[in-house]
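Accompanying notes for the structure given below.
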Amino acid sequence: MRCTHLRQYAALLPSSLRHVARSRRLDQTPFSADIVDLTHDGRGVARLPDGKAVFVAGALPGEQVMAMRTARSRHFDEATTLEVVSASPHRVIPRCPHFGVCGGCVLQHLDADQQILAKARVLRENFERIGHVTPQRWMEPIVDRAWNYRRKGRFSVKRVDKKDRTLVGFRERDPRFVADLRECHTVIEPIAAIIPLLSGLIDGLEARATIPQIEFIAGDPRPEFDGIALVFRHLQPLSDTDASALLAFGQAQRMAIFLQPGGVDSVHALWPAAPALSFRLEDWDVELGFRPLDFIQVNAGLNRTMIARTLELLDVQPEDRVLDLFCGLGNFTLPLARRVREVVGVEGEAGLVARAKENALRNGLANAQFHAADLTQDQRGAPWMRQGFDKLLLDPPRSGAIDVLRQLPLERFGRIVYVSCHPASLARDAGYLVNERGWTLSEAGVMDMFPQTAHVESIALFEKR
């Protein structure tokens, strides 16, 4: 398949092409590139005649493209696709007209099955290169809906006087710029429906130049509103007129409106007076309450499947005591409490620990304890560290769990399940567990929490040798 004109792939071109470095020293002569691989951030990899790597936005493995350099460094160059000369059989037409400009997605031009395979390859290569480990078994990927899955996120807001309008959207691939979104196919449908309205809403405010972002988060519908909250960050006090406009918008859309004049602690409700945000995990008869800036898993459907798979891998038994580290609101802790004798959750953010305790009370789960602790620091004197446990669950941030793993009496656990949002830190920690502490990496696999993006979530089971 030969695509002979740039317009056919215009949607794939990053906005940086519009702002490409104007240095006269950068050779922008189009060149032919054979794409041999995909980077961790979704760009094609080619090799120049001298062996130097070049990362090509908009290109897929197996393709021949005409490209133009956008940046040069000592070890690699960067480029963008001008023309796809020979297309991959796995190339598809992106659903979104903003693809290639908006930074929210990087893989819409690759079919869904190949996206999963690409993420599995990233995980495998990280295990081999960083951890020097290989799972005994590869799990089937955990997947859910590929579109309209995102229930939490942040839109950037920027007033552009030259355009006489306000841009509302995700950051572009060049993060200096805000994508002028008119539609989005990864956010949940109610958020997608208001995207065309947000620019006009902000344009009508007196404070339109001092609102830098809008956060959204969705729980289950409530009688007074539809369970969705919008948080408007504002750098100057809002006038009564502006507050009334935001309130009217919330009422019309049945979305709770929160204002954030300062830090996280400044967030407060505008309408309704005290909106309750929560979501249910029906399979475990658990309801989790949260606040509008709290961390929750972005993909509700995949979250449910992930919890079920985690409990299955832990092989939880009624008499087990389980330690859940980096527990957040209790997303895993409270379902575990329905299945085991006792579970202890530990989390570094005090606010999340407070909400987790409230959630345990809300659900009548007296067998769930929660502690606030910085798991990057020495916790060997903490009371919870000295307790006996049968199973260990880890769900750390991108930095991983190496600090706490080095402190834990790992010989006391029968199984470890590790839920990861960053394959490199999982690989490093897996190498430590297997090569230094004598555990076996029994199973591992990817979870497609963020379809259409290059983000890799994964899960791994470690067992004693």
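Backbone N, Cα and C define each Cβ position, glycine as well.
Taken straight from TrEMBL:
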ACT_SITE  C421  active site, nucleophile
ACT_SITE  C421  active site
BINDING   C96, C102, C105, C184  [4Fe-4S] cluster binding site
BINDING   Q297, F326, N331, E347, D374, D395  S-adenosyl-L-methionine binding site
DOMAIN    23-83  domain 'TRAM'
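Here the CA atom of C96 ([4Fe-4S] cluster binding site) lies 41 Å from the CA atom of D374 (S-adenosyl-L-methionine binding site).
DSSP classifies E347 (S-adenosyl-L-methionine binding site) as strand under the three-state reduction. The two recorded residues, the residue listed as 'active site, nucleophile' and D395 (S-adenosyl-L-methionine binding site), have Cα atoms 8 Å apart.
Around the Cβ of N331 (S-adenosyl-L-methionine binding site), a 10 Å sphere holds 26 further Cβ atoms from the protein chains shown. Taken together, the residues in the domain 'TRAM' (23-83) have a mean pLDDT of 93 on the 0 to 100 scale.
With F326 (S-adenosyl-L-methionine binding site) as the anchor, the candidate binding-site residues are C96, C102, C105, C184, and the one with the nearest CA is C105.
Calculated from their C-alpha atoms, the gap between C184 ([4Fe-4S] cluster binding site) and N331 (S-adenosyl-L-methionine binding site) amounts to 27 Å. The binding residues for S-adenosyl-L-methionine are recorded as Q297, F326, N331, E347, D374, D395; their greatest pairwise CA distance is 21 Å. Checking each of the binding-site residues Q297, N331, E347, D395 against C96 ([4Fe-4S] cluster binding site) by C-alpha distance, the shortest gap belongs to Q297.
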